[in-house]
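Everything on this sheet refers to the single structure shown next.
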Amino acid sequence: MSMTDLLHAEDIKKAVGAFTAVDSFDHKKFFQMVGLKKKSPEDVKKVFHILDKDKSGFIEEEELGFILKGFSPDARDLSVKETKTLLAAGDKDGDGKIGADEFSTLVAES
């Protein structure tokens, strides 16, 4: 399954394009722009599993740095600051990674 099976390619392109500048990433705006906020909980979990590159059941800090690439392969990497901000927003239990339920909450709060 690919991201475009769940989200519109044009929405992905616009959302990724809106955050090309370093340190401009805002996960709340991004999730809204890409259309993820409007998706069912099941679809949000499918997106989570696409972003969980090592299939560990979590999106670790290293994977978060590549989150935009999960939506569009030619997108930029997040900066260290952006990655840490995203991790802090999503890691509700403080274990240093984001699980599927935490990701769903992060999207719902966007």
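Glycine is treated like the rest: Cβ placed from N, Cα and C.
As recorded in Swiss-Prot, the features of this protein are as follows:
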- Ser2: phosphoserine (MOD_RES)
- Ser2: N-acetylserine (MOD_RES)
- Ser24: phosphoserine (MOD_RES)
- 39-74: domain 'EF-hand 1' (DOMAIN)
- Asp52, Asp54, Ser56, Phe58, Glu60, Glu63: Ca(2+) 1 binding site (BINDING)
- 78-110: domain 'EF-hand 2' (DOMAIN)
- Asp91, Asp93, Asp95, Lys97, Glu102: Ca(2+) 2 binding site (BINDING)
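Looking only at the binding-site residues Asp52, Asp54, Ser56, Phe58, the one with its C-alpha closest to Lys97 (Ca(2+) 2 binding site) is Phe58. Among the recorded positions listed here, namely Ser24, Asp95, Glu102, Glu102 has its C-alpha nearest to that of Asp52 (Ca(2+) 1 binding site). In the three-state DSSP classification, Phe58 (Ca(2+) 1 binding site) falls within a strand. Long-range neighbours of Asp93 (Ca(2+) 2 binding site) (same chain, six or more residues apart, CB within less than 8 Å of its CB): Gly99, Glu102. Ranked by CA distance from Asp91 (Ca(2+) 2 binding site), the recorded positions Ser24, Asp54, Ser56, Phe58, Glu63 have Phe58 at the top as the closest. The average pLDDT for the domain 'EF-hand 1' (39-74) in the predicted structure is 97.
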